[in-house]
Amino acid sequence: MSLKGLKIGFIGGGQMASAIIKGLIDSKAALPENIIVSEPSPERREYLKNTFPGIKIIFDNCALVKEADLIVLAVKPQIIKEVLKEITLCVDTSRHLIISIAAGIPIALLEAHLPEKIKVVRVMPNTPALVQAGISVYTGGRYTSSEDLALAREFLEAFGKAIELPETYFDAVTGLSGSGPAYVAAFVEALIDGGVKVGLPRPVAEILAQETILGTLKLMQGTGKNPYELKSMVTSPGGTTICGLKALEEGAFKATVMDAVEESANRSKELTLLALKEEN
């Protein structure tokens, strides 16, 4: 089975769903007319209509399920059970593949609230999907075949790269790649402000910061060198860079970033435990 020609339905049309839809359309992995979105907010429906001409926008989750082949659950974890209850009678286990991007919601909960033998794939994507540069981690449920996983991977690779991992890693993945774009943006913002502080015009500081980040990542990928080796390449004895690195160490930069990843992962774990607790 291939992604092309399939009807793809998104329950929820928020930021992450929009990023994925844009990636699918821009990469030509899916035609706009094969994409359906069910979204409760009138304002959001208007935004989707204007942003993605040709896609079908409705306000009926069950109608979407009946029309779609691949269903993406792109709703907040707080309302996932309500959505599952609404669509369970409309799901066809022989036809549908369910992909969930709801943070902190385990496969066991999804399978418990959907018909027996439903094919489920849990995914943690990230926002660079908007420019086909996302990284998604995915894992299949009990009834998901290798063909289903291949289809899920094709879907994910339309807007970036994909890695299959056991579900036990998902909290850690949320802390790193799921929340990571926000950490990177915060660092770039600080780099820009630092440039302005020492006298650079803000537009110049923005270009220098962005290109430095992009160039460093390309250098890392192109040479295969690890971060320590790259850091050593620009750190001369008694030079300017070592003085800057000393300031980062004094501000506990590395420990703070590590703590940010851990806090985000812990919050993901809390959401999972809360969802499971409400089951009992």
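Placed from the backbone N, Cα and C atoms, the Cβ positions cover glycine too.
In TrEMBL, annotation is done automatically, which means it is predicted and not curated.
Here the structure is a predicted model, which means the values were calculated and not measured.
Taken verbatim from TrEMBL:
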DOMAIN    7-104  domain 'Pyrroline-5-carboxylate reductase catalytic N-terminal'
BINDING   Ile11, Gly12, Gly13, Gly14, Gln15, Met16, Ala74, Val75, Lys76, Pro77  NADP(+) binding site
BINDING   Asn61  NADPH binding site
DOMAIN    167-271  domain 'Pyrroline-5-carboxylate reductase dimerisation'
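Everything TrEMBL records as a feature, shown here on the structure.
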residue : record               : Cβ contacts under 8 Å, 6 or more apart
Ile11   : NADP(+) binding site : Ser38, Asn61, Leu64, Ile71, Val72, Leu73, Ala74, Val75, Val83, Ile87
Gly13   : NADP(+) binding site : Val37, Ser38, Glu39, Ser41, Arg44, Arg45, Leu48, Ile57, Ala74
Gln15   : NADP(+) binding site : Thr127
Lys76   : NADP(+) binding site : Gly12, Ala102
NADP(+) binding residues Ile11, Gly12, Gly13, Gly14, Gln15, Met16, Ala74, Val75, Lys76, Pro77: largest Cα-Cα distance, in Å and rounded to whole number: 15
Candidates Asn61, Ala74: member of the binding-site residues with the richest Cβ shell (10 Å): Ala74
Gly13 (NADP(+) binding site) in three-state DSSP notation: coil
Within the domain 'Pyrroline-5-carboxylate reductase catalytic N-terminal' (7-104), residues counted as helix, strand or coil by DSSP: 43 helix, 19 strand, 36 coil
Number of helical, extended and coil residues in the domain 'Pyrroline-5-carboxylate reductase dimerisation' (167-271), per DSSP: 89 helix, 0 strand, 16 coil
Local confidence of the domain 'Pyrroline-5-carboxylate reductase catalytic N-terminal' (7-104) - pLDDT mean: 94
